[in-house]
Amino acid sequence: MNPRTKSQDIRDLSQNDIRELVAELGQPAFRAKQLIEWVFEKNVCSFDDMTNLPKAFREQLKEAFAFDTPTELTKQVSKDGSRKYLLEYHDGISVETVGMPRRNKLSVCVSTQAGCGMGCAFCATGLNGLKRSLTAQEIVDQVLHVSNDFGERATSVVFMGQGEPFANYDEVLKALRILNDPDGIGIGARHLTVSTSGVIPGIRKFADIPEQFTLAVSLHSAIQSTRNKLMPGVKKYTLLRLHEALQLYTEKTGRRPTYEYAMIEGVNDTNPEMQALCDFCEGTLCHVNLIQLNDIEGSPLKPSPIHKVEDLQRRLESRGIETTIRNSRGNDIDAACGQLKQRFKVQKNA
C-alpha cells in the first residue's frame with residue numbers, strides 16, 4: 001500500500017487497500033467488510049456515522065484520513081424541479097452540477113473539469129478558460145451530493161457538465177467504474193453517459209473497454225467549416241476522421257452513439273446543414289438528439305425556431321435515422337446544456 005498522509009481521502013483507497021489497512025491497525029478482518037460498506041455502499045462522509053465501528057477504531061481512522069467532500073456555495077431550484085449546485089473543492093476551485101428528477105428517477109449532470117479549454121462558441125463553460133481537471137472522487141462527489149440533497153439514489157449520470165471528459169480520460173473512466181460498481185453506488189453501465197466534443201483518441205480508447213457505457217458526441221454541424229467556427233477546440237479532429245472513429249466504435253462495441261445537435265438560427269439549421277447531417281448519419285448506427293440552442297448571456301447566437309427543429313427531425317427519420325427532440329431542463333436557472341459556468345465564484349473573487 002502507498003504511504004498515507006493525514007489529508008488523504010479514504011475513498012481514494014481500493015477495497016484491497018482497506019483490508020490491508022484494517023490488518024495493519026490490528027483490527028479483525030470483519031471490520032474491513034464493515035468499513036467497506038460504509039465507504040463504498042452507504043457513502044457516508046463522516047467517520048462518526050460509522051456507528052458499528054468501535055470508537056477507538058474510528059479515532060484511528062480520523063487521525064490518518066479525511067473526507068474531502070465539496071462545500072455547497074449556492075443552490076438554485078428550477079420550476080421544473082431541477083436543482084443546480086455550485087460546489088467548491090478543497091483548493092477553492094468550484095464547478096456546477098445539476099440534479100434532474102423525473103418520474104421516480106434522478107439523473108445527475110456532472111462536470112469533469114473546472115472550466116473548459118475547448119472554446120465552443122455556444123457554451124458558457126469555456127468563457128473563463130480551463131482551471132484544472134477533476135479527480136475521479138471529485139466527480140463522484142457531485143453525484144453523492146445531489147443524491148443526498150434529493151434524499152434518493154441517482155439512477156443515471158450524464159457527463160455533460162463543465163469540461164471535456166476525454167481531456168480527463170483516466171479520471172473519468174475511474175469515476176465511471178466507481179459509479180457502476182455493484183458493490184458500491186451500482187448505477188447500470190448503460191445509464192452512465194459520457195459526452196465528448198469529438199476527441200478521437202478518447203473515442204478509440206472508449207471502444208476498447210469492456211463496460212457498456214453510453215457514448216454521446218457533440219456534433220452540432222456536419223459541415224467542416226461550420227463546425228470549426230462553432231467548436232475550434234476540436235478542429236484537428238476532422239469530420240471524416242470522426243466518422244471513421246465512430247464506425248470503429250460501433251463495430252467494436254455493438255453500441256450506437258448519440259449525436260447531440262444544438263440548433264442555432266441561421267448557422268446550422270439551413271438546408272445545406274440539414275442535408276449534411278442526414279448524409280453523415282445515414283447508414284450508420286446512431287441516434288440523434290435535437291435541441292434548440294439555450295440562450296447564453298452576451299452571445300449573438302440564437303435558437304432555431306421549433307418548426308426548423310421539427311423539419312430536421314422529419315428529414316432524419318425519412319432517412320431511417322432515429323431522432324429525438326430534447327427538452328431543456330433548468331433553463332430558468334441557467335442549468336441547461338451549455339449554460340453552466342462559474343458564475344457565482346467569479347463574482348465572489350471579483
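Glycine too: its Cβ is placed from the backbone N, Cα and C atoms.
For reference, TrEMBL has these:
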type	residues	note
ACT_SITE	Glu96	active site, proton acceptor
ACT_SITE	Cys337	active site, S-methylcysteine intermediate
BINDING	Cys116, Cys120, Cys123	[4Fe-4S] cluster binding site
BINDING	Gly163, Glu164, Ser195, Ser218, Leu219, His220, Asn294	S-adenosyl-L-methionine binding site
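According to its DSSP assignment, Ser218 (S-adenosyl-L-methionine binding site) is in a strand. A C-beta separation below 8 Å, combined with a sequence spacing of at least six in one chain, links Glu164 (S-adenosyl-L-methionine binding site) to Thr112, Gln113, Cys116, Gly117, Met118, Thr196, Ser197, Val199, Gly233. Residue annotation for S-adenosyl-L-methionine gives Gly163, Glu164, Ser195, Ser218, Leu219, His220, Asn294. The furthest Cα pair among them is separated by 19 Å. Summary: among the binding-site residues (Cys116, Cys120, Cys123, Leu219), the fewest other C-beta atoms within 10 A of the C-beta are counted at Cys120. Taking all protein chains in view, 25 other C-beta atoms sit within 10 angstroms of the C-beta of His220 (S-adenosyl-L-methionine binding site). Spatially close to Ser218 (S-adenosyl-L-methionine binding site) yet at least six residues away along the chain are Cys120, Ser195, Thr196, Ser197, Gly198, Met231, Glu260, judged by Cβ distances under 8 angstroms. Cα of Cys123 ([4Fe-4S] cluster binding site) to Cα of Leu219 (S-adenosyl-L-methionine binding site): a span of 13 Å.
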